[in-house]
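Some notes on the structure that comes next.
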Amino acid sequence: MFTLAEVASLSDIQPTYRILKPWWDVFMDYLAVVMLMVAIFAGTMQLTKDQVVCLPVLQSTVNSKVQPDTSGKADFTTVETTTGQEEASMRTVSFGSAPTVTPDVLLSRATSSQYQPTESGQELKKEQKDSSGRKTNLDFQQYVFINQMCYHLALPWYSKYFPYLVLIHTIILIVSSNFWFKYPKTCSKIEHFVSILGKCFESPWTTKALSETACEDSEENKQRLTGAQSLPKYVSTSSDEGSPSASTPMITKSGFKFSADKPMIEIPSVTILDKKDGEQAKALFEKVRKFRAHVEDSDLIYKLYVGQTVIKTVKFIFILCYTANFVNTISFEHICNPKVEHLIGYTQFECTHNMAYMLKKLLISYISLICVYGFICLYTLFWLFRIPLKEYSFEKVREESSFSDIPDVKNDFAFLLHMVDQYDQLYSKRFGVFLSEVSENKLRGISLNHEWTYEKLRQHVSRNAQDKQELHLFMLSGVPDAVFDLTDLDVLKLELIPEAKITAKISQMTNLQELHLYHCPAKVEQTAFSFLRDHLRCLHVKFTDVAEIPAWVYLLKTLRELYLIGNLNSENNKMIGLESLRELRHLKILHVKSNLTKIPPNITDVAPHLTKLVIHNDGTKLLVLNSLKKMTNVAELELQNCELERIPHAIFSLSNLQELDLKSNSIRTIEEIISFQHLKRLTCLKLWHNKIVSIPSSITLIKNLESLYLSNNKLETLPAAVFSLQKLRCLDVSYNSIAVIPVEVGLLQNLQHFHITGNKVDVLPKQLFKCVKLRTLSLGQNCITSIPDKVSQLLQLTYLELKGNCLDRLPATLGQCQLLRKSGLIVEDHLFDALPSEVKEVLNQDTSIPFANGI
């Protein structure tokens with residue numbers, strides 16, 4: 001059952017949902033209210049007034065009606081007489097002791113009374129005098145009884161129940177009209193939509209974004225006329241600025257224009273947005289995005305609205321069909337045969353329905369209202385099926401604004417927007433602003449610039465290892481405009497900034513030569529690209545898929561160093577654009593950290609230019625290396641973690657190779673090292689973190705070798721051939737299983753760095769200390785029990801590691817190592833404390849000798 005409050009809420013045009021009420025729904029609601037008033041008025045009249053009045057029909061009256069007298073006066077007299085006789089009859093029947101009086105007797109009495117009034121009066125007085133008992137007013141009760149019986153027997157059912165039918169029909173129509181607002185699976189979506197729509201309409205960002213569109217158009221036209229001749233060197237002067245060639249992906253519009261003196265930010269008054277308003281606008285963008293995804297997946301609201309409209313139309317046809325048949329049944333006179341002759345003495349009564357006239361007028365009014373209601377329902381159905389309401393296009397909004405990326409919507413989202421358009425199309429226009437990515441990006445840019453000012457960015461600038469000024473921006477919504485005002489910046493790192501945009505203002509950063517893009521597919525304007533193409537020297541790109549690499553990267557003709565870190569599997573090798581690497585004519589260093597199974601032929605396209613190639617393969621086996629032969633100018637080659645089991649033969653063709661690094665592979669034997677004798681320029685060989693068991697004697701053929709790294713292998717001995725490399729300056733055999741340092745070590749007169757940490761050495765040969773040029777000596781984590789006093793011969797020693805051995809003491813001659821200080825002596829504290837105090841004082845002294853760390 002509906003409560004009165006619920007019925008009232010159904011008939012009310014709720015202010016919350018008024019924007020979803022088209023004119024026909026509003027009109028039908030008013031019609032329903034009028035029909036409800038008709039029902040209440042008719043029902044009230046039936047309850048408060050007499051419903052029917054009945055009088056008995058005498059037989060003589062019936063006959064007189066069949067054969068009417070020519071005199072109207074006689075008829076009137078008869079009716080009066082009959083009425084008087086009826087009253088007498090009623091009174092006679094009222095007394096239980098009186099005999100039953102038939103109509104004929106009453107008629108004869110009435111006739112005789114006209115001629116003998118004195119006698120009748122005497123008889124009546126006599127009867128009254130003779131009667132006894134209590135007066136009951138049974139005659140009145142008989143009238144009421146007959147009226148009630150005849151109300152149910154003689155009156156047609158439609159005359160009795162018409163007001164209630166109107167009330168029920170009206171309630172059904174009201175419920176049908178508002179059901180889509182109340183149905184559980186639709187009301188939440190509608191409430192959410194209305195809430196978001198209201199916030200979008202009232203949001204300051206909506207007004208500012210639409211105003212900015214108009215201002216941008218006028219300002220751009222003005223700039224094209226007045227500022228085209230005064231642009232700086234790296235600003236494009238073409239009329240279609242922001243639309244580069246097909247080979248260079250660019251953003252199509254620039255938000256900034258430049259004069260010859262300094263850059264100017266246009267429309268400051270429009271783009272200044274309060275921080276609170278900006279946060280609310282950003283939240284609205286997220287809400288709209290989620291609401292669209294939630295509503296577009298179904299068309300339940302549309303189907304429900306169509307269904308309720310069909311129900312109302314069917315209801316209208318049904319009401320009209322049966323009501324028209326019952327209009328004439330509502331009449332003033334009715335004949336009643338209650339079959340109570342044994343009580344009253346009359347078989348037929350003539351009844352009058354007092355309200356018949358008024359009810360008939362109300363019924364005609366109701367039919368008129370229903371007809372109007374029905375025609376509106378038919379119009380609604382025509383509107384529902386005339387155009388596809390499950391699709392909505394923002395074509396007009398796109399034409400009137402710069403937000404050309406507003407997407408078309410479908411299903412329930414589209415239907416709700418069509419309904420809003422019937423209220424006011426301005427709502428959809430302002431709502432469309434929050435569906436545009438361009439609009440969202442503009443808002444993000446404004447909020448970003450508001451938060452990241454020049455002063456804040458300056459605080460984040462640091463000095464890197466190369467003593468260059470560096471700025472690292474991480475997980476921002478875009479690149480703040482103030483970044484491009486840091487004109488003295490050398491290195492710019494952008495990480496996890498999916499909407500990064502490099503504007504023409506970057507041309508101010510004349511010191512910028514290194515750019516890092518980590519998961520940041522940055523877009524550049526045409527002018528910005530021209531600047532980067534001429535100035536950028538080093539570029540780092542980190543990506544998940546090769547498609548994330550910006551295409552403009554391959555067009556940087558002056559680029560010297562390129563670092564690519566990401567997935568470049570065999571399927572994507574064809575996409576590496578790497579075909580475009582041939583355009584990088586000045587590229588010298590190429591660093592690829594990926595999972596290659598072969599070196600892409602595209603890389604070899606730039607081989608004649610490369611001097612350094614680094615491939616870190618993250619454990620994927622590199623199978624095909626023949627293309628290395630083309631890299632005749634490569635001086636440094638690193639093949640790390642490529643699961644190599646042998647030294648690739650292609651390397652032996654690199655006649656200009658100076659440094660080879662095969663770190664973290666699976667190399668067990670290096671017998672191929674004999675072929676290195678052809679590499680006359682090879683000075684550094686790194687075979688660390690492999691599985692090498694022994695060093696072949698053919699290593700002596702690498703005459704120019706200066707650095708040999710064999711740490712983290714499985715070596716047990718050091719062959720004398722190693723110590724025949726007279727130019728060797730660095731030898732690293734740490735973390736093996738070497739037990740003895742050969743006495744031939746003393747032959748390495750140029751040795752400056754010797755690392756044998758993490759082995760099984762227990763004795764240090766005295767010949768080791770003949771290497772007087774040693775500056776670094778790492779002997780930690782061995783089994784050494786004593787350090788010879790000849791350690792004092794190492795006058796250039798700056799670093800000595802002894803920690804993790806079996807030493808009892810340190811030689812006092814350590815104090816004679818002039819360049820050794822406590823910071824360079826890695827040993828247990830108790831051993832250092834056991835040294836003589838004068839030795840400790842020498843080791844604790846600070847030194848400012850410029851060559852303390854080596855020449």
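Each residue, glycine too, has its Cβ placed from N, Cα and C.
Heads up, TrEMBL stuff is auto-annotated, nobody curated it.
Since this is a predicted model, take the numbers as computed values, not measurements.
Per-residue confidence over the domain 'LRRC8 pannexin-like TM region' (1-381) averages 66 (mean pLDDT, predicted model). According to TrEMBL, the domain 'LRRC8 pannexin-like TM region' annotation covers 1-381.
For 27-47 (among others), the entry in TrEMBL reads transmembrane segment. Counting same-chain residues at least six beyond the ends of the transmembrane segment (27-47), those with a Cβ under 8 angstroms from any Cβ of the stretch are 11, 13, 21, 160, 162-164, 166-167, 169-171, 173-174, 177, 312, 355, 358-359, 362, 365-366, 369-370, 372-373, 376-377.
The region 'Disordered' annotation in TrEMBL covers 112-133.
For 112-121, the entry in TrEMBL reads compositional bias 'Polar residues'.
Annotation comment: TrEMBL describes 122-133 as compositional bias 'Basic and acidic residues'.
The transmembrane segment annotation in TrEMBL covers 161-181 (among others). For the transmembrane segment (161-181), the residues of the chain that approach it from at least six positions outside its boundaries are 2, 7, 10-11, 14, 17, 20, 25, 28-29, 32, 35-36, 38-40, 42-43, 46, 187, 190, 301, 304-305, 308, 311-312, 315, 319, 326, 330, 359, 362-363, 366, 373, judged by C-beta separation under 8 angstroms.
The transmembrane segment annotation in TrEMBL covers 363-385 (among others). Tertiary neighbourhood of the transmembrane segment (363-385): same-chain residues 24-25, 27-28, 31-32, 34-35, 38, 162, 166, 173, 305-306, 309-310, 312-313, 316-317, 319-320, 323-324, 326-327, 330, selected by CB-CB distance under 8 Å and a gap of 6+ residues from either end.
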